[in-house]
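Feature list (source: TrEMBL):
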- 32-54: transmembrane segment (TRANSMEM)
- 47-297: domain 'G-protein coupled receptors family 1 profile' (DOMAIN)
- 104-126: transmembrane segment (TRANSMEM)
- 146-169: transmembrane segment (TRANSMEM)
- 211-231: transmembrane segment (TRANSMEM)
- 243-267: transmembrane segment (TRANSMEM)
- 279-300: transmembrane segment (TRANSMEM)
Amino acid sequence: NAINSSVAHNISVVRPEYFFITGLTGIQYSRYYYIFLFCIYFIAVIGNSAVLLLIAVERSLHSPKYIGVFNLALADIGEANALIPNMMKTFLFDSQYISYNACLANMFFVFFFSMMQSSTLVVLAYDRFIAICLPLRYHAIVTNTIMCFIFSAIWAFNAFMMALIVSLISRLSFCKSNVIQSFFCDHGPMYRMACNDNSINSFLAKLNMSLYLLAPLILIVLSYICILFALSKVTTWEGRLKALKTCVTHLLLVASLFLPVTGIYIYALINSPSANARVISASLAYAVPPMLNPIIYVLNTAEIKDLIRKVFKNKSGPM
């Protein structure tokens, strides 16, 4: 009976050969928007590649903080490559159909690297918390070995979580529609199309949002409350400002990643945005942070600015 039940369940699962991704609909010049996203992608890849190369080559940047920056740049490149080139192929070359397995792979990599972005910002907040609240113990608590171990655990855990989420999509039966109302193989629109029970998929979607949106924001806010409390004990304003300056880059990174996504969720809870509004807002929220992050590094990190000055001075000097 158990075998017959299992066979009957497998037969009842309908897996379409292809999914159709809608993207922007009814907009005459939508191609120009995708070209704009490709320009953002190009800047993001060049900027983050330069940051990765600079940190890898320059020994003075082989420190716990820059291990975090290296991982964030790696996640930015991964997320941009998982999302934008596939969008170009889908919407600029009129191939809006994507195979079942390719769709699941696209979902895995987009969300996996997005998870890495938010997780890395939490680790960087931890780095700033220890540096300001426990400065005398910083080099004992935060070492290169410990940071490498933390990031290895985060990469492994995020890969496991996303593999679990994607594997449970494969148990769903898509017997009503194969049209995904999004700009990539988005988890939410996909599991809602299922004909059979999708309660566990819904639970994992909420868990995923809690783990990679709410929890990181709460942890980062708590870390900065502790930082502000520690700075209140500093007697001079110069000392407080000097400590706060080391947090500016991280706060800008947090704002560029979390504010757009949080705004989209809040707006969706209050109103019901149109399909095109969802596509534009979500695609910008995914595409813009990887472009802004390397610019933020360069403009707000003294060590990187000094290294870039040295490189240009050496190139402009006599042969």
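These residue numbers are counts, starting from 1, taken along the chain as shown.
Including glycine, each Cβ sits where the backbone N, Cα and C put it.
Scored on C-beta pairs under 8 angstroms, the neighbour of the transmembrane segment (146-169) with the top count among 104-126, 211-231, 279-300 is 104-126. The stretch with the most CB contacts under 8 Å to the transmembrane segment (32-54), chosen from 104-126, 211-231, 243-267, 279-300, is 279-300. Counting same-chain residues at least six beyond the ends of the transmembrane segment (243-267), those with a Cβ under 8 angstroms from any Cβ of the stretch are 72, 117-118, 121, 124-125, 128, 131-132, 209, 213, 216-217, 220, 224, 227, 231, 234, 273, 278, 281-282, 284-285, 288-289, 292-293, 296-297, 300-301.
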